[in-house]
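Structure, as structure tokens:
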Amino acid sequence: MSSVKIECVANEGYRIGESPVWDEKESALVCVDITGRKVCRWSSVTKEVQAIPVDAPVSSVALRKSGDYVITLGTRFAALKWKEQLVTTIAQVDKDKPNNRFNDGKVDPAGRYFAGTMAEEIRPAVLERHQGTLYTLFSDLSVVKHFDQVDISNGLDWSLDHKTFFYIDSLSYSVDAFDYDLQTGKIGNRRSIYRLEKEESIPDGMCIDTEGKLWVACYDGGRVIRLDPETGKRLQTVKLPVDKTTSCCFGGKDYSEMYVTSASDGMDKEWLSRQPQAGGVFRITGLGVKGVPPCPFAG
């Protein structure tokens with residue numbers, strides 16, 4: 001589609017920009033810089049970025065029904081009060097794994113916060129394998145473990161009928177689907193629905209559009225791809241001016257804009273000079289599809 005337009009709306013040079021989520025109340029995009037240890041908010045009105053520093057790697061952020069945000073911080077689920085810049089711990093996981101941290105997280109349609117862990121990276125995508133676990137934080141603030149042996153717990157979303165949970169463990173180079181029970185939050189019957197091709201590189205963050213198709217950011221692939229989870233076919237590729245595309249979400253007034261985060265960690269001076277917008281946040285318009293508003297955490 002020739003009408004697709006890509007612009008860098010926040011050239012902040014994030015080390016690992018991640019977990020973009022549209023905050024409708026603020027007309028803003030919220031995201032995190034994992035290794036930069038900050039939660040960031042770009043206003044579509046003022047075009048300014050505010051950042052709140054935190055005391056550990058912060059890997060995902062989600063809206064909260066009662067206001068403000070929830071985040072995954074180190075190996076903790078935590079609450080973030082934006083104005084007060086106040087972080088309070090809700091629950092801790094992986095206490096027996098001091099080298100672990102949370103990675104991507106997202107709230108399901110019933111208001112539960114799903115997030116998974118991984119070992120700290122030695123270099124980008126180089127880490128001790130099988131150390132991660134996928135968890136859910138329920139609205140009563142209890143935590144349930146789904147499965148372990150995960151390498152890099154990453155992109156997650158739910159089908160439009162809420163009967164399927166989509167999930168990415170990056171080093172499997174696969175987008176997986178599970179049967180999903182919205183009443184209980186239980187998952188089962190894991191299967192692969194798409195295997196990434198070599199030039200697509202590593203699957204990272206993911207979101208769904210109103211047609212039920214998945215969008216996956218390809219880390220080191222410099223693109224987002226649109227997949228049909230029914231047929232397992234790739235429908236569209238949108239290339240970005242940076243290699244390390246990390247995650248994507250829909251936002252804007254009618255959720256017709258796509259926002260893509262990126263990283264600069266692991267890039268040398270020469271590489272960065274070729275990609276001065278590495279670590280920036282990009283807005284893609286003209287895709288001709290809309291996204292689904294994010295669900296707030298119910299607790």
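Each Cβ is built from the backbone N, Cα and C atoms, and glycine gets one as well.
TrEMBL does not curate its annotations; it predicts them automatically.
Source: prediction; values computed, not measured.
As recorded in TrEMBL, the features of this protein are as follows:
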- 16-264: domain 'SMP-30/Gluconolactonase/LRE-like region' (DOMAIN)
- GLU18, ASN154, ASP204: divalent metal cation binding site (BINDING)
- ARG101, ASN103, GLU121: substrate binding site (BINDING)
- ASP204: active site, proton donor/acceptor (ACT_SITE)
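Put simply, ASP204 (divalent metal cation binding site) is 10 Å from ASN103 (substrate binding site) when counted between their Cα atoms. Over the domain 'SMP-30/Gluconolactonase/LRE-like region' (16-264), the average per-residue pLDDT in this prediction is 97. Each of the binding-site residues ASN103, ASN154 was assessed for Cβ neighbours inside 10 Å, and the highest tally belongs to ASN154. The 10 Å shell around the Cβ of GLU121 (substrate binding site) contains 18 further Cβ atoms across the protein chains shown.
Of all the binding-site residues listed here (GLU18, ASP204), the one with the fewest other CB atoms within 10 A of its own CB is GLU18.
In the structure as shown, the Cβ atom of ARG101 (substrate binding site) sits within 10 Å of 23 other Cβ atoms.
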